[in-house]
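Student: As listed in Swiss-Prot for this protein:
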| type | residues | note |
| --- | --- | --- |
| ACT_SITE | CYS14 | active site |
| ACT_SITE | HIS62 | active site |
| ACT_SITE | ASP78 | active site |
Amino acid sequence: MLSAEEAPYQSCYCEENVYKLLEKLKPNLDDFFAVLISNDIKMIPLWKQKAERDPDVLWDYHVITISKNSDGSAKVYDFDSWIDWGVDFQTYWNQTMNEDEMKQFREKYRRKFRIIPARIYLSLLSSDRSHMLNPDGTYMKPPPEWPLIQNSTNSNLMNLIDMKLEFPETMVMDETEIRRFFSDA
């Protein structure tokens, strides 16, 4: 695995950061997943994120990488977290998803997760970065220097984070299901 410092990174472009990380890991992708996190209201509470000094942040979506080894152990790679790169899933879950603090949020804030095998993510994701444009056409945050990621369509990122939509070879899970999927056997 690359260190976080060795992996391509641009702040506020988590979907592309994960894509570029997985691209660098080819051909050894069998144990890796891109995990898109969002919900119906596009407001997901997460903790331990670098973007805020407050303990929590509300993102419209977030994308991370998780590896699931043959022994059942899982590690999380989140470019935007204060938690260690390659931390075990349970530690990441406890600190970032923070179920104790989540109790103060209404049900509509519950997160959903689209689990995409790495190879599928590399052939599926297309982003024209239009979601990062202001009304005047300028970028809200500086875009990455690498070219746009375009596969089968001009842009499907907003569809991928819509957890009601179905995509072949992807799985949408709730908080209980993802914990079960990535917890040690």
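Yeah, the Cβs are placed from backbone N, Cα and C, and that goes for glycine too.
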Student: Have a look around ASP78 (active site) and count the other CB atoms within 10 A of its CB, chains all included.
Tutor: 27
Student: Quick check for the class: what is the C-alpha distance, in angstrom and rounded, between HIS62 (active site) and CYS14 (active site)?
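Tutor: Cα of HIS62 (active site) to Cα of CYS14 (active site) measures 6 Å after rounding.
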Student: Non-local Cβ contacts of CYS14 (active site) (under 8 Å, 6 or more apart, same chain)?
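Tutor: Listed in sequence order: TYR61, HIS62, VAL63, ILE64, PHE79, ASP80.
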